[in-house]
Amino acid sequence: MNFIRLYIYPIAIAILIPLMVLVPYLIAIHQEHVHPFLPYTSDTATIAIESAVFAQITLVIALLFAILSYLQYLQINTIYTLSDTIIQLKASIMKNRPKIIKFNRWSLYIAIYIVLALTSVVSFRSDEFPIIHPIVCITLFI
């Protein structure tokens, strides 16, 4: 499997995260939907146009993060499962190989949870679901 330009995924995520907050904020200010001085992020993404922009950017970030996390899982899993036959690793790494494989699997589970939390934040808006939205936001930030 030939992967080319994998560095684009983290760069795209790093560019899109500030845009996820700034673009809906600027649209909300332009449409006069929020007060310009420090509104909540959830308030800037509750009304029609800015909520759609926020949702699209968030879903693209979730997709890129899912792809990046799975590629990282595959890379580490391939290195540590093929190390007996192809790659000769140091003895200290070989001793901790079961722990690394287990940690790698748990990191994939955490990444899946983060993707689900990101999509849930977009799906359950704060004005329509006043109980679910804060719970998902708090767990996502933790």
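Glycine residues also receive a Cβ, built from the backbone N, Cα and C atoms like all the rest.
Heads up, TrEMBL stuff is auto-annotated, nobody curated it.
These come from TrEMBL:
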DOMAIN    7-142  domain 'CWH43-like N-terminal'
TRANSMEM  7-27  transmembrane segment
TRANSMEM  47-71  transmembrane segment
TRANSMEM  106-124  transmembrane segment
Distant-in-sequence neighbours of the transmembrane segment (106-124), which means Cβ under 8 A and at least six residues beyond its ends: 54-55, 58-59, 61-62, 65-66, 69-70, 72-73, 132-133, 136-137, 139-140
Reported mean pLDDT - the domain 'CWH43-like N-terminal' (7-142): 83
Helix-strand-coil residue split for the domain 'CWH43-like N-terminal' (7-142), DSSP-based: 103 helix, 0 strand, 33 coil
